[in-house]
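Novice: Before we start, here is the structure in question, set down as structure tokens.
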Amino acid sequence: MKCDPSIAKLINNELSRQETHLELIASENFASKAVMEAQGSVLTNKYAEGLPNKRYYGGCEYIDGIEQLAIDRAKNLFGANWANVQPHSGAQANFAVFLSLLKPGDTIMGMDLSHGGHLTHGSPVNVSGKWFKTCHYEVDKKTEMLDMDAIRKKAIENQPKLIICGFSAYPRKIDFKAFRSIADEVNAYLLADIAHIAGLVASGLHPSPIPYCDVVTTTTHKTLRGPRGGLILSKDEEIGKKLDKAVFPGTQGGPLEHVIAAKAVAFQEASAPEFKIYSQKVISNAQVLSNQLQKRGISIVSKGTDNHIVLLDLRSIGMTGKVADQLVSDIKITANKNTVPFDPESPFVTSGLRLGSAALTTRGFNEQAFEDVGNIIADRLLNPNDEDIKENSINKVSELCNKFPLYSENI
């Protein structure tokens, strides 16, 4: 990037940060070189409004082939009858669903944000909470898991037009079949937002929502390890036609075909047997991390995990998420403060710290390494004012980063 040394320097600095820090943000992962090559290709030059073979621009004969390949691979990977690969993000995918299935003022029901839901599931600060009436279900106070009987009662009381099952900070499996039964009882559409667990679903390590849900949305990064983007799936091709129109021209203009090509590459990677092995390690590594932190006296929401998410409840050690976030950041561990169920703190402070295993598993971290990471985090959080432990932790992080390099060749 000789033409722009300022940007080149910042990109190199970011690469160095990724290489020298432990990435534990649950929504992040490391894309392959092949994915990045596709996204950084000449496809960024091409406008292609419309769908394959139904474009509003000329010169799309190769673009059509790329997008159709992405569609076919997505359908095969998830066992869907229909797919749209154009959404720029998971939020855009959800907006398209709302536009196609709802009218302003309809009621939607999703998981409460402070209990692990997402902004686009009816939060008052999001369009989903401004255009629609909302009601939210929570986790059980004792188990910190979903209580399907309580969710059923909430649905009957509020009669939502759309029920959303999905999360951004819930470490347990979702019973899509039970959600389907509730949706049928109140005559509601059922949307599964699997942004966090898409890679685990694709690998067969989490139950699939496709047989039970009217629509499924996801991002294409996180556990799926592709480019940052969105995807919509359905078993119902008639609903799919509505969704196509809701994506374009309903909520977006021209698709990002260079990103769609990168999605196609990621779908191909996720269909390989090696990806299932990777996904199994994502789960087992998260469980090792969860177990080690609990051994050190740090509470974990729901007392464990079935996926890549480990959510620390720091009330057990008298600490806020904001403080913990800074403490681990000081030793080159990247995480994020997060609310926990029935959190007394504000979203800007929180009582939780959210961790995820996907990115470090991509680097090759094994169970022993994750046990080490758990001890490093516990040492720091339990001894926040000990400078010797802080310096020792920084050295241990550096040793792990050198042992498990991010990219084995220049990018």
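Residue positions begin at 1 at the first shown residue.
Cβ atoms here come from the backbone N, Cα and C positions, even for glycine.
The feature (6S)-5,6,7,8-tetrahydrofolate binding site is assigned by Swiss-Prot to LEU113, GLY117, HIS118, LEU119, GLU238, SER346, PRO347, PHE348. The site 'Plays an important role in substrate specificity' feature in Swiss-Prot is assigned to HIS221; the stated evidence is sequence analysis. Among the features that Swiss-Prot reports, N6-(pyridoxal phosphate)lysine is placed at LYS222, with the record citing sequence analysis.
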Novice: Nearest of the binding-site residues to HIS221 (site 'Plays an important role in substrate specificity') by CA-CA distance, picking from LEU113, GLU238, PRO347, PHE348?
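Specialist: For HIS221 (site 'Plays an important role in substrate specificity'), the spatially nearest of the binding-site residues is LEU113.
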Novice: Counting other Cβ atoms within 10 Å of each Cβ, which of the binding-site residues GLY117, PRO347 scores lowest?
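Specialist: Checked GLY117, PRO347; of these binding-site residues, fewest Cβ neighbours within 10 Å: PRO347.
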Novice: Among all the protein chains here, how many other CB atoms are within 10 A of the CB of PHE348 ((6S)-5,6,7,8-tetrahydrofolate binding site)?
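Specialist: Within a 10 Å radius of the Cβ of PHE348 ((6S)-5,6,7,8-tetrahydrofolate binding site) lie 9 other Cβ atoms.
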Novice: Including all protein chains shown, what's the count of other C-beta atoms within 10 A of the C-beta of LEU119 ((6S)-5,6,7,8-tetrahydrofolate binding site)?
Specialist: 16
Novice: Pop the Cα-Cα gap between the residue listed as 'N6-(pyridoxal phosphate)lysine' and GLY117 ((6S)-5,6,7,8-tetrahydrofolate binding site) into the table, whole Å please.
Specialist: 16
Novice: Take the C-alpha atoms of HIS118 ((6S)-5,6,7,8-tetrahydrofolate binding site) and the residue listed as 'N6-(pyridoxal phosphate)lysine' and report the distance between them in angstrom, rounded.
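Specialist: Approximately 15 Å lies between the Cα of HIS118 ((6S)-5,6,7,8-tetrahydrofolate binding site) and that of the residue listed as 'N6-(pyridoxal phosphate)lysine'.
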Novice: Give the number of CB atoms, excluding that of GLU238 ((6S)-5,6,7,8-tetrahydrofolate binding site) itself, located within 10 Å of its CB.
Specialist: 9
Novice: Within 10 Å of each Cβ, count the other Cβ atoms, then let me know which of the recorded positions HIS118, HIS221, LYS222 comes out lowest.
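Specialist: Sparsest of the recorded positions HIS118, HIS221, LYS222 by Cβ contacts within 10 Å: HIS118.
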Novice: Of all the binding-site residues given, LEU113, SER346, which residue's CB has the most CB neighbours within 10 A?
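Specialist: That would be LEU113, with the highest Cβ count within 10 Å.
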Novice: Any idea what the Cα distance is from PRO347 ((6S)-5,6,7,8-tetrahydrofolate binding site) over to LYS222 (N6-(pyridoxal phosphate)lysine), rounded to a whole Å?
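Specialist: A Cα-Cα distance of 22 Å.
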